[in-house]
Amino acid sequence: MATVTASQLVSHVHGGATSSPDTKTNLAQVGLRNQQFTHNGLRSINMVDKLQMRNNAKQSRSLVKKTDNGSPLGKIICGTGMNLVFVLAEVGPWSKTGGLGDVVGGLPPAMAGNGHRVMTVSPRYDQYKDAWDTSVVVEIKVGDSIETVRFFHCYKRGVDRVFVDHPIFLEKVWGKTKSKIYGPNAGTDYQDNQLRFSLLCQAALEAPRVLNLTSSKYFSGPYGEDVVFVANDWHTALLPCYLKSMYQSKGMYLHAKVAFCIHNIAYQGRFGSSDFCLLNLPDQFKSSFDFFDGYEKPVKGRKINWMKAGILESDRVVTVSPYYAMELVSGAEKGVELDNVIAKTSITGIVNGMDTQEWNPATDKHIDTNYDITTVMDAKPLLKEALQAAVGLPVDKNIPVIGFIGRLEEQKGSDILVAAISKFVGLDVQIIILGTGKKKFEQQIQELEVLYPDKARGVAKFNVPLAHMITAGADFMLVPSRFEPCGLIQLHAMRYGTIPICASTGGLVDTVTEGFTGFHMGAFNVECATVDPADVQKIATTVERALAAYGSVAYKEMIQNCMAQDLSWKGPAKNWEKMLLSLGVSGSEPGVDGEEIAPLAKENVATP
């Protein structure tokens, strides 16, 4: 629990794990005095709002059907749609290091377009120009100290974007966040990450109760307590634990549920066992965190594992593709030692969509020639020449160009690709690699120009315009991932008529069909310490196969097949809706079919 300040009024609610017999008297009461209207119709919550929330909850519960033992079934008729709160460490375009930021940039607007009320809660890593101070403050116990956090807010594409403001987030990052959300550089974590994300989880539980958001013409007032929280990856795995220990034990959020989404099982939040005391959770949760592995990082021996706790304490576990869901329970190799834990709870796989407004060849501002499925064959050669010129390769529209865009780390297989280039670079082909990540991998791709001056280029920079140029101008997109929960690069590529050449893992299996929309290389060895020569050969062999098809009738049909697909969030959002409705949260109903409430707006991401 937390202390809540709205305008200049503070009322205290004591945190802790034990329940109180007079819970109602401990609820935060925020009065009418000095109430401020701040921006976009947002104002501080007041006593009238609190009473209205309680009355609505009572009226709703009176309509709930009872089971034989008198407990509520959970479905109440009190409006349309669900109250959804996505909690996450990053959200595009404000903060993004990879697919997680893209997903929560695109899925929430799609859910809003389906008639649901949607909020996202993430850290405020920078002074975002389009997010404004709500003047709502809460005090949260983090470790041994009481920390004060503020909420910033903006309303975009039908979604309440809420940002948790605290120096623990701001002091880590300057300018665009790049890869410094989780650590000072790739592969290194901040030492206080357990405190940073503990604060995020607790603040996220307060946001639906204390923020009186009225920006939408469809919904107004606080979200209240009948909500579905969607926690994402290990950074938010404490949320179901705090929900139970700090709220439900005191009679609050009784009908709320938590869906826990695994975007990447490789990152689990493993800390030393002694760090459990920093989380301010009762001992009854220790078993959910308890974990033992054979590694010496961060400490040798027994540890706590945040993701394990998130899986066990949530009401539903979901991941980002059906095939990845099967891989996670297939054994310790793909499940990264949590396969047995996931098997106990079951898991649902829902393939990701993509942002078809940002990634649209017909309107893309980063390419010189816009096109659609009817003009792609005319536009591609022109865009290829522009791409070749931009990176300094010989300009020739007849040479097949292969692209790679991604993080330079073991998961994405950039080291396997670099090792394979020598095996096919003698063919009539050029290759362009764009990415940032581990320094040794950045150095590898930067050396390509020296090794193959007329054949290859490596750009170790964060370069959005070039990413769009490669996606549009390349003929093939290589995705050599050792494992890939879902993947967005192959979706972007197909949207632009660029044929994927991909490993057969995770969401790549679900989204790319061999011989119809792409070429599969087979599954790779997930051992990251070395490059498996067999995987190098798989890349070389499949590239040769793709180059042999280049320019053929079958190749042109594959381009058409790629571009004819609906890769938007519309279908995945409906699958998410079905899954979340099955949790039976009070007030939940199917949303009203429609489109996104607002078109893509120009986002002012960060101050210069």
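Heads up, the Cβ atoms here are built off N, Cα and C, so glycines get one too.
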Please find, within the list 42-62, 63-83, 588-608, the residue stretch that Swiss-Prot describes as region 'Disordered'.
588-608
Swiss-Prot annotation (region 'Disordered') - matching range among 1-24, 169-192:
1-24
Number of Cβ atoms other than its own within 10 Å, given for Lys96 (ADP-alpha-D-glucose binding site):
19
